[in-house]
Amino acid sequence: MTANAAAENALGTIGTICWTVQLVPQVWKSWRTKSTEGLSEWLVLIWGFSGVTMGVYVVIQDLNIPLILQPYLFGSLSYLSWAQCQHYGRKRSRLVSVGMYIGVMLLSAGFEVGMIFAVKPAYDRGNTRAVQFFGIFSSVLIALALLPQYWEIYKHREVIGISVLFMFVDMLGGVFSDLSLAFKADFDVIAGITYSLVVVMDAVVLVCALVLNPRANRRRKHVEESAGSEDTALDVPGSNTPVCQGSSLELKGIERRQTQEVGSNHQVEQGAHMLDNGNRPP
């Protein structure tokens, strides 16, 4: 495809916007529900670090500005979501969670700056192996990070905790970033693989949500209906008839026995009275 700097930057900018806001629905959902159940903390933590390694790659490769901004925004929001997992999921205090967020951001920034200064001289001399390693490693991390999330989906038999809107916008970011590379003079294969992996693996989560969530809703509805039917059956008058009939029979039997006992006592009293009259002197 013919190189087109304007199209490259425009598509890259759209991709950056998507990857700027893609985690906002997730962060908002976790904050609103005060829960991160179903969201793998390893997903967002590994994604945060993948932004660091990808940052080393795009800075040294000197890609367009939007694509350079992407890993930083992506990593920062991923770490923020990870901090929410610490607060809502692991029940750490807000102060501790904020401290962990700041700490992991500082460590990541120090690591990235150190790697850039360590790798850049070799890259300027024509040795691209180290840079290629960071690009490939970022792709591997992005792919592996979704495996813990797939486990959460398998465990719950549905997609919960993770925002479907987040996954969709994240996938769009990968699509537009891929398209921006298509208009670059030299197509960056590693960056393309990274963005394509995001698209494919996000799509898997979306398909799981479309297939598993309706099934889970039907299961819950069926359980609720079954429980409601049992409660209704207990409340139906006819269902208690055997118990009532049994109780009535028992009561009638008791009444008959009491009547018989009263009659027997009356006969005994009459006999005793006759004896008394017979033994009375004339």
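For all residues, glycine too, the Cβ spot is worked out from N, Cα and C.
Listed in TrEMBL:
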TRANSMEM  39-59  transmembrane segment
TRANSMEM  65-83  transmembrane segment
TRANSMEM  95-118  transmembrane segment
TRANSMEM  130-147  transmembrane segment
TRANSMEM  159-177  transmembrane segment
TRANSMEM  189-212  transmembrane segment
REGION    221-282  region 'Disordered'
COMPBIAS  238-248  compositional bias 'Polar residues'
Ranked first among 95-118, 130-147, 189-212 for CB pairs under 8 angstroms with the transmembrane segment (39-59): 130-147
Cβ-Cβ under 8 Å with the transmembrane segment (130-147): same-chain residues at least 6 beyond its ends: 42-43, 46-47, 49-50, 53-54, 56-57, 60-61, 71, 115, 118-119, 122-123, 190-191, 193-194, 197-198, 201, 204-205
